[in-house]
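Here is the structure we will look at.
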Amino acid sequence: MVFSDQQLFEKVVEILKPFDLSVVDYEEICDRMGESMRLGLQKSTNEKSSIKMFPSYVTKTPNGTETGNFLALDLGGTNYRVLSVTLEGKGKSPRIQERTYCIPAEKMSGSGTELFKYIAETLADFLENNGMKDKKFDLGFTFSFPCVQKGLTHATLVRWTKGFSADGVEGHNVAELLQTELDKRELNVKCVAVVNDTVGTLASCALEDPKCAVGLIVGTGTNVAYIEDSSKVELMDGVKEPEVVINTEWGAFGEKGELDCWRTQFDKSMDIDSLHPGKQLYEKMVSGMYLGELVRHIIVYLVEQKILFRGDLPERLKVRNSLLTRYLTDVERDPAHLLYNTHYMLTDDLHVPVVEPIDNRIVRYACEMVVKRAAYLAGAGIACILRRINRSEVTVGVDGSLYKFHPKFCERMTDMVDKLKPKNTRFCLRLSEDGSGKGAAAIAASCTRQN
């Protein structure tokens, strides 16, 4: 039986209907996340929660008065940065020198010693090239992986995410592993704070906006940090300060089954093929590391159903992670009547030999549905945080490639926050670029205030 283009498209709409959640669905997800966060903050129920709500031990966020020269390391994905940040006080933007290094695959999956040796070597290289090797520095280390913190310089890695699997690091204090390698090279550098990139994003935004109480990352991964009332944090003993920044690690939401009724067949098949099946399920529905792969799984299925590409799957699309999330950003820049980016992606990037107009339309729709759900899920998460802190006015500092570069992600996320937030709360999403660099340096600068 031969189907018309419109019939094929209608079949795709039906197949992808599970991605099209209602506001009631997102309300329920928001409620479930709130309950997971409540459980995560209590000692007696933390094990029952998929969201671990780690105290960051940052009890004073920067206020813009900090001054001095500090170093920051930013490790949170395949690209790793070394920064020199000069803070010049109120009203002045920090001066930043930085260099980006690509972490070799063998360092990501080899030994932890080799990974931290590489980090120390690149830091030494940076200092040498900038004439700073003989100077003394305090350093803020942005380490964007799930950690249990017992202090600003005691962060134990719970588990690797985002493609890392270096052994000998899980269960160990990453500040100590870093400091050991720095000391071996006789660098006059002291790691004074380990922070998550979301904590850094919050701190960076707080330098310029005192209403900032939330830091959000939507990039390779996703996570959020926020300022919590210390009296509600049982996980942290003997807190004297009234507030503490919580690193939620919300990417793990769903690991206790909270998202099962909304996970599609494609979410499940992608998860099974992933490096850590059953883990980081919310992150796998929201973040840039997974959305392209999710679309690839959809395309493979549609080819198997003889809906796409005349049933012929190109070799390139048989390869895991061959469909990059940045392609999704390009695709949604296309006007609805002229899908030239979509066509280019399929023909030039993915080597599909024959692409019909209906193929472009279907692939564009799949990309749109996947990213739309991701943005709405992120929005439901932010609404959950706003409900929790219940302030009249809140700035959310946001960073991450998906948020920054996708043409519709911010708009969609904002739309869902608006629908689910407390009625008496006004919020503002503010781009907080370089939070993991500038923010980590600012926290290093403010450490003396809280010690």
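Counting begins at 1 with the first residue displayed.
Just so you know, glycine gets a Cβ as well, placed from its N, Cα and C.
The structure displayed is predicted, hence computed values, not measured ones.
Residues or ranges marked as domain 'Hexokinase' by Swiss-Prot: 6-445. Taken from Swiss-Prot, the feature region 'Hexokinase small subdomain' applies to 63-195, supported by sequence analysis. The ATP binding site annotation in Swiss-Prot covers 74-79, 288-289, 325-329, 401-405. According to Swiss-Prot, the feature substrate binding site maps to Ser144, Thr161, Lys162, Asn196, Asp197, Thr222, Asn223, Glu249, Glu283, an assignment based on experimental evidence. Residues or ranges marked as region 'Hexokinase large subdomain' by Swiss-Prot on the basis of sequence analysis: 196-434.
Recorded features from Swiss-Prot, shown on the structure.
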| residue | record | DSSP class |
| --- | --- | --- |
| Asp74 | ATP binding site | strand |
| Lys162 | substrate binding site | coil |
| Asp197 | substrate binding site | helix |
| Asn223 | substrate binding site | strand |
| Glu283 | substrate binding site | helix |
| Gly288 | ATP binding site | helix |
| Arg326 | ATP binding site | helix |
| Tyr403 | ATP binding site | helix |
For Asn223 (substrate binding site), the number of other Cβ atoms found within 10 Å of its own Cβ: 30
Other CB atoms, at most 10 A from the CB of Arg326 (ATP binding site): 16
Surrounding CB atoms that lie within 10 Å of the CB of Gly288 (ATP binding site), all protein chains: 27
DSSP-derived structure type at Ser144 (substrate binding site), helix or strand or else coil: coil
Neighbours of Ser144, Thr161, Lys162, Asn196, Asp197, Thr222, Asn223, Glu249, Glu283 excl. site residues, C-beta within 8 Å of centre, substrate: Gly76, Phe145, Pro146, Thr198, Ile217, Gly221, Gly251
Around the Cβ of Thr329 (ATP binding site), the count of other Cβ atoms that are within 10 Å: 23
Using Cα positions only, nearest of the binding-site residues to Arg326 (ATP binding site) (Asp197, Asn223, Glu283): Glu283
Other C-beta atoms that fall within 10 angstroms of the C-beta of Ser144 (substrate binding site): 24
Residues Ser144, Thr161, Lys162, Asn196, Asp197, Thr222, Asn223, Glu249, Glu283 [recorded substrate binders]: greatest CA to CA distance in Å: 16
Cα proximity to Lys162 (substrate binding site), best match among binding-site residues Asp74, Gly288, Thr329, Tyr403: Gly288
Integer Å distance between the CA atoms belonging to Gly77 (ATP binding site) and Asp197 (substrate binding site): 11
Binding-site residues (Asp74, Asp197, Glu283), the one with most neighbouring Cβ atoms at 10 Å: Asp197
Binding-site residues near Asp74 (ATP binding site), in sequence order, restricted to Ser144, Asn223, Glu283 and a 10 Å Cα cut-off: Ser144
Proximal residue to Thr329 (ATP binding site) among binding-site residues Ser144, Asn223, Glu283 (C-alpha distance): Glu283
